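Undergrad: Below, the features straight out of Swiss-Prot:
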type	residues	note
DOMAIN	68-284	domain 'ABC transmembrane type-1'
TRANSMEM	10-30	transmembrane segment
TRANSMEM	72-92	transmembrane segment
TRANSMEM	106-126	transmembrane segment
TRANSMEM	160-180	transmembrane segment
TRANSMEM	215-235	transmembrane segment
TRANSMEM	261-281	transmembrane segment
(Lines of atoms letter the chains of each structure in order from A and count residues from 1; the text may use other names and numbers.)
(Lines give C-alpha, C1' and ligand atoms only; values in the text may rest on other atoms or scores of the structure.)
Protein backbone atom coordinates (compact mmCIF):
# COMPACT_ATOMS: atom_id res chain seq x y z
CA UNK A 1 0.00 0.00 0.00
CA UNK A 2 1.45 3.36 -1.03
CA UNK A 3 1.63 5.99 1.64
CA UNK A 4 -0.16 9.22 0.82
CA UNK A 5 2.26 12.13 0.27
CA UNK A 6 -0.11 14.29 2.31
CA UNK A 7 0.13 12.04 5.39
CA UNK A 8 2.71 14.22 7.25
CA UNK A 9 0.51 17.28 6.76
CA UNK A 10 -2.58 15.38 7.93
CA UNK A 11 -0.75 14.30 11.08
CA UNK A 12 0.52 17.84 11.63
CA UNK A 13 -2.99 19.27 11.51
CA UNK A 14 -4.37 16.51 13.75
CA UNK A 15 -1.78 16.90 16.52
CA UNK A 16 -3.24 20.12 18.10
CA UNK A 17 -6.74 18.63 18.18
CA UNK A 18 -5.44 15.35 19.63
CA UNK A 19 -3.54 17.23 22.35
CA UNK A 20 -6.63 19.24 23.33
CA UNK A 21 -8.85 16.14 23.33
CA UNK A 22 -6.26 14.25 25.36
CA UNK A 23 -6.08 16.99 28.01
CA UNK A 24 -9.70 18.09 28.26
CA UNK A 25 -11.42 14.74 27.64
CA UNK A 26 -9.33 11.67 28.38
CA UNK A 27 -7.15 13.15 31.12
CA UNK A 28 -10.24 14.70 32.71
CA UNK A 29 -12.00 11.32 32.68
CA UNK A 30 -9.03 9.54 34.28
CA UNK A 31 -8.66 12.33 36.85
CA UNK A 32 -12.36 12.15 37.71
CA UNK A 33 -12.15 8.38 38.26
CA UNK A 34 -9.12 8.85 40.51
CA UNK A 35 -10.87 11.57 42.55
CA UNK A 36 -13.81 9.22 43.11
CA UNK A 37 -11.49 7.02 45.18
CA UNK A 38 -10.50 9.88 47.51
CA UNK A 39 -12.16 11.93 50.25
CA UNK A 40 -11.82 15.35 48.57
CA UNK A 41 -14.38 17.69 50.09
CA UNK A 42 -14.10 21.48 50.04
CA UNK A 43 -12.48 23.98 47.71
CA UNK A 44 -8.94 23.23 48.89
CA UNK A 45 -7.55 20.21 46.96
CA UNK A 46 -6.56 18.25 50.06
CA UNK A 47 -7.55 14.60 49.94
CA UNK A 48 -6.52 11.03 50.74
CA UNK A 49 -7.11 7.73 48.99
CA UNK A 50 -10.10 5.96 50.59
CA UNK A 51 -10.77 3.18 48.11
CA UNK A 52 -14.44 2.38 47.46
CA UNK A 53 -15.77 4.51 50.34
CA UNK A 54 -17.65 6.91 48.03
CA UNK A 55 -19.26 4.05 46.13
CA UNK A 56 -20.30 2.37 49.37
CA UNK A 57 -21.93 5.64 50.40
CA UNK A 58 -23.83 5.68 47.10
CA UNK A 59 -25.41 2.33 47.91
CA UNK A 60 -26.93 3.76 51.10
CA UNK A 61 -27.93 7.12 49.58
CA UNK A 62 -31.73 7.27 48.93
CA UNK A 63 -31.32 10.31 46.66
CA UNK A 64 -28.95 8.32 44.45
CA UNK A 65 -31.53 5.55 44.04
CA UNK A 66 -34.27 8.12 43.33
CA UNK A 67 -32.05 9.71 40.68
CA UNK A 68 -31.19 6.34 39.15
CA UNK A 69 -34.86 5.35 39.06
CA UNK A 70 -35.74 8.60 37.29
CA UNK A 71 -32.93 8.05 34.79
CA UNK A 72 -34.25 4.57 34.04
CA UNK A 73 -37.80 5.93 33.71
CA UNK A 74 -36.48 8.55 31.30
CA UNK A 75 -34.79 5.84 29.24
CA UNK A 76 -37.81 3.52 29.20
CA UNK A 77 -40.31 6.20 28.10
CA UNK A 78 -38.34 8.95 26.36
CA UNK A 79 -36.20 6.79 24.06
CA UNK A 80 -38.93 4.55 22.56
CA UNK A 81 -41.41 7.45 22.58
CA UNK A 82 -39.08 9.62 20.49
CA UNK A 83 -38.28 6.75 18.13
CA UNK A 84 -41.90 5.77 17.55
CA UNK A 85 -43.18 9.32 17.08
CA UNK A 86 -40.27 10.13 14.76
CA UNK A 87 -40.96 7.00 12.70
CA UNK A 88 -44.66 7.86 12.49
CA UNK A 89 -43.92 11.40 11.29
CA UNK A 90 -41.35 10.13 8.77
CA UNK A 91 -43.85 7.68 7.29
CA UNK A 92 -46.46 10.44 7.02
CA UNK A 93 -44.04 12.70 5.17
CA UNK A 94 -42.93 9.86 2.92
CA UNK A 95 -46.49 9.51 1.62
CA UNK A 96 -45.95 12.57 -0.58
CA UNK A 97 -48.17 14.91 1.40
CA UNK A 98 -48.68 18.45 0.16
CA UNK A 99 -46.39 21.12 1.63
CA UNK A 100 -43.95 18.43 2.77
CA UNK A 101 -41.07 20.89 3.18
CA UNK A 102 -43.24 23.10 5.39
CA UNK A 103 -44.30 20.21 7.61
CA UNK A 104 -40.72 18.97 7.78
CA UNK A 105 -39.58 22.38 8.98
CA UNK A 106 -42.34 22.50 11.60
CA UNK A 107 -41.43 19.05 12.93
CA UNK A 108 -37.69 19.78 13.08
CA UNK A 109 -38.02 23.26 14.60
CA UNK A 110 -38.31 22.07 18.24
CA UNK A 111 -35.00 20.22 17.96
CA UNK A 112 -33.35 23.35 16.55
CA UNK A 113 -34.23 25.25 19.73
CA UNK A 114 -31.82 25.18 22.65
CA UNK A 115 -32.78 23.09 25.66
CA UNK A 116 -33.00 26.22 27.80
CA UNK A 117 -35.50 27.85 25.43
CA UNK A 118 -37.58 24.66 25.19
CA UNK A 119 -37.60 24.14 28.95
CA UNK A 120 -38.65 27.76 29.51
CA UNK A 121 -41.47 27.36 26.98
CA UNK A 122 -42.78 24.21 28.66
CA UNK A 123 -42.43 25.75 32.13
CA UNK A 124 -44.78 28.49 30.95
CA UNK A 125 -47.21 25.94 29.48
CA UNK A 126 -47.16 23.84 32.66
CA UNK A 127 -47.62 26.78 35.04
CA UNK A 128 -50.52 25.80 37.37
CA UNK A 129 -52.02 29.29 37.59
CA UNK A 130 -51.49 30.90 34.18
CA UNK A 131 -50.13 28.10 32.00
CA UNK A 132 -51.62 27.35 28.59
CA UNK A 133 -52.81 23.87 29.54
CA UNK A 134 -54.81 24.81 32.63
CA UNK A 135 -56.19 27.95 30.99
CA UNK A 136 -57.30 25.88 27.98
CA UNK A 137 -58.98 23.26 30.16
CA UNK A 138 -60.69 26.02 32.11
CA UNK A 139 -62.06 27.61 28.93
CA UNK A 140 -63.32 24.24 27.70
CA UNK A 141 -65.02 23.46 31.00
CA UNK A 142 -62.67 20.53 31.65
CA UNK A 143 -61.61 21.54 35.13
CA UNK A 144 -61.12 17.90 36.12
CA UNK A 145 -58.13 17.77 33.75
CA UNK A 146 -56.38 20.72 35.38
CA UNK A 147 -53.26 19.76 37.28
CA UNK A 148 -50.21 21.08 39.05
CA UNK A 149 -48.10 19.47 36.30
CA UNK A 150 -44.43 20.04 37.17
CA UNK A 151 -45.37 21.10 40.71
CA UNK A 152 -46.97 17.70 41.34
CA UNK A 153 -44.27 15.20 42.41
CA UNK A 154 -46.37 12.27 41.15
CA UNK A 155 -46.45 13.41 37.51
CA UNK A 156 -43.60 15.94 37.23
CA UNK A 157 -41.20 13.41 35.70
CA UNK A 158 -43.80 12.34 33.13
CA UNK A 159 -44.35 16.00 32.18
CA UNK A 160 -40.61 16.33 31.53
CA UNK A 161 -40.59 13.19 29.39
CA UNK A 162 -43.48 14.48 27.25
CA UNK A 163 -41.62 17.75 26.66
CA UNK A 164 -38.43 15.91 25.71
CA UNK A 165 -40.25 13.62 23.28
CA UNK A 166 -41.75 16.72 21.67
CA UNK A 167 -38.28 18.21 21.20
CA UNK A 168 -36.48 15.10 19.93
CA UNK A 169 -39.17 13.62 17.67
CA UNK A 170 -38.06 15.98 14.88
CA UNK A 171 -34.53 14.63 15.11
CA UNK A 172 -35.64 11.00 14.87
CA UNK A 173 -38.03 11.93 12.07
CA UNK A 174 -35.15 13.29 9.97
CA UNK A 175 -33.05 10.19 10.67
CA UNK A 176 -35.87 7.85 9.66
CA UNK A 177 -36.91 9.91 6.63
CA UNK A 178 -33.34 9.81 5.31
CA UNK A 179 -33.30 6.04 5.83
CA UNK A 180 -36.62 5.58 4.04
CA UNK A 181 -35.58 7.74 1.09
CA UNK A 182 -32.34 5.73 0.71
CA UNK A 183 -34.21 2.48 -0.03
CA UNK A 184 -33.94 1.63 -3.77
CA UNK A 185 -37.11 2.41 -5.71
CA UNK A 186 -36.93 -1.03 -7.36
CA UNK A 187 -37.92 -2.68 -4.08
CA UNK A 188 -41.07 -0.57 -3.89
CA UNK A 189 -41.95 -1.29 -7.50
CA UNK A 190 -41.46 -5.03 -7.06
CA UNK A 191 -43.68 -5.10 -3.97
CA UNK A 192 -46.40 -3.07 -5.71
CA UNK A 193 -46.35 -5.43 -8.69
CA UNK A 194 -46.86 -8.32 -6.26
CA UNK A 195 -49.96 -6.55 -4.95
CA UNK A 196 -48.60 -5.24 -1.63
CA UNK A 197 -50.74 -2.68 0.18
CA UNK A 198 -49.29 0.50 1.69
CA UNK A 199 -49.27 -1.09 5.15
CA UNK A 200 -47.50 -4.21 3.83
CA UNK A 201 -45.04 -2.03 1.95
CA UNK A 202 -43.91 -0.29 5.13
CA UNK A 203 -44.12 -3.38 7.31
CA UNK A 204 -42.14 -5.77 5.12
CA UNK A 205 -39.99 -3.48 2.95
CA UNK A 206 -39.34 -0.21 4.76
CA UNK A 207 -39.23 -0.88 8.51
CA UNK A 208 -36.91 -3.95 8.32
CA UNK A 209 -34.32 -1.78 6.54
CA UNK A 210 -34.30 0.94 9.19
CA UNK A 211 -32.02 -0.92 11.61
CA UNK A 212 -29.04 1.40 11.11
CA UNK A 213 -31.02 4.65 11.52
CA UNK A 214 -32.74 3.18 14.58
CA UNK A 215 -29.46 2.23 16.25
CA UNK A 216 -27.90 5.61 15.49
CA UNK A 217 -30.85 7.51 16.92
CA UNK A 218 -31.08 5.08 19.85
CA UNK A 219 -27.50 5.78 20.95
CA UNK A 220 -27.97 9.56 20.73
CA UNK A 221 -31.22 9.42 22.73
CA UNK A 222 -29.75 7.07 25.33
CA UNK A 223 -26.71 9.26 25.92
CA UNK A 224 -28.89 12.35 26.20
CA UNK A 225 -31.24 10.65 28.66
CA UNK A 226 -28.24 10.02 30.93
CA UNK A 227 -27.10 13.65 30.94
CA UNK A 228 -30.31 15.65 30.44
CA UNK A 229 -29.17 18.17 33.03
CA UNK A 230 -29.85 21.58 31.51
CA UNK A 231 -33.40 20.81 30.35
CA UNK A 232 -34.56 19.43 33.71
CA UNK A 233 -32.64 22.04 35.70
CA UNK A 234 -34.36 24.92 33.93
CA UNK A 235 -37.77 23.25 34.10
CA UNK A 236 -37.87 21.96 37.70
CA UNK A 237 -34.37 22.18 39.26
CA UNK A 238 -34.93 18.58 40.29
CA UNK A 239 -38.09 19.34 42.24
CA UNK A 240 -40.59 19.20 43.71
CA UNK A 241 -38.33 17.78 46.39
CA UNK A 242 -36.23 15.19 44.59
CA UNK A 243 -39.04 13.88 42.37
CA UNK A 244 -37.25 14.87 39.13
CA UNK A 245 -33.68 14.32 40.28
CA UNK A 246 -31.50 12.46 37.79
CA UNK A 247 -27.89 11.43 38.29
CA UNK A 248 -26.56 14.50 36.48
CA UNK A 249 -28.46 16.83 38.82
CA UNK A 250 -27.32 14.98 41.94
CA UNK A 251 -23.75 15.09 40.63
CA UNK A 252 -24.02 18.86 40.10
CA UNK A 253 -25.46 19.51 43.56
CA UNK A 254 -22.93 17.31 45.34
CA UNK A 255 -20.00 18.78 43.43
CA UNK A 256 -20.79 22.48 43.24
CA UNK A 257 -23.43 23.16 45.89
CA UNK A 258 -21.92 20.98 48.61
CA UNK A 259 -18.30 20.99 47.29
CA UNK A 260 -18.23 17.23 47.84
CA UNK A 261 -15.99 16.64 44.85
CA UNK A 262 -15.16 12.99 45.54
CA UNK A 263 -18.80 11.99 45.88
CA UNK A 264 -19.74 13.94 42.75
CA UNK A 265 -16.89 12.24 40.89
CA UNK A 266 -18.23 8.83 41.95
CA UNK A 267 -21.66 9.70 40.51
CA UNK A 268 -19.99 10.94 37.31
CA UNK A 269 -18.12 7.64 37.04
CA UNK A 270 -21.39 5.71 37.34
CA UNK A 271 -22.81 7.86 34.53
CA UNK A 272 -19.72 7.16 32.43
CA UNK A 273 -20.10 3.41 32.90
CA UNK A 274 -23.78 3.59 31.93
CA UNK A 275 -22.88 5.53 28.78
CA UNK A 276 -20.17 3.02 27.87
CA UNK A 277 -22.67 0.17 28.16
CA UNK A 278 -24.63 1.89 25.37
CA UNK A 279 -21.84 3.29 23.20
CA UNK A 280 -19.29 0.44 23.11
CA UNK A 281 -21.66 -2.20 21.61
CA UNK A 282 -22.72 0.37 19.00
CA UNK A 283 -19.08 1.13 18.08
CA UNK A 284 -18.34 -2.60 17.86
CA UNK A 285 -21.39 -3.15 15.66
CA UNK A 286 -20.40 -0.21 13.41
CA UNK A 287 -16.83 -1.50 13.10
CA UNK A 288 -18.01 -4.99 12.17
CA UNK A 289 -20.44 -3.50 9.67
CA UNK A 290 -17.62 -1.60 7.94
CA UNK A 291 -15.52 -4.78 7.75
CA UNK A 292 -18.36 -6.58 5.98
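Positions of Cβ are set from backbone N, Cα and C atoms, glycine also.
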Undergrad: In the same chain, who gets a Cβ under 8 Å from the transmembrane segment (106-126) while lying at least 6 residues past its ends?
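TA: That would be 89, 93, 132-133, 149-150, 159, 163, 166-171, 173-174, 230-235.
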Undergrad: Find the member of 10-30, 72-92, 215-235 that has more C-beta pairs under 8 Å to the transmembrane segment (160-180) than any other listed stretch.
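TA: Per the Cβ under 8 Å count, 72-92.
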Undergrad: Under 8 Å between C-beta atoms and at least six residues away from its ends: which parts of the chain pack against the transmembrane segment (215-235)?
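TA: Residues 71, 74-75, 78-79, 82-83, 86, 115-116, 118-120, 122-123, 126, 150, 160, 163-164, 167-168, 171-172, 175-176, 244, 246-249, 252, 271, 274-275, 278-279, 282, 285.
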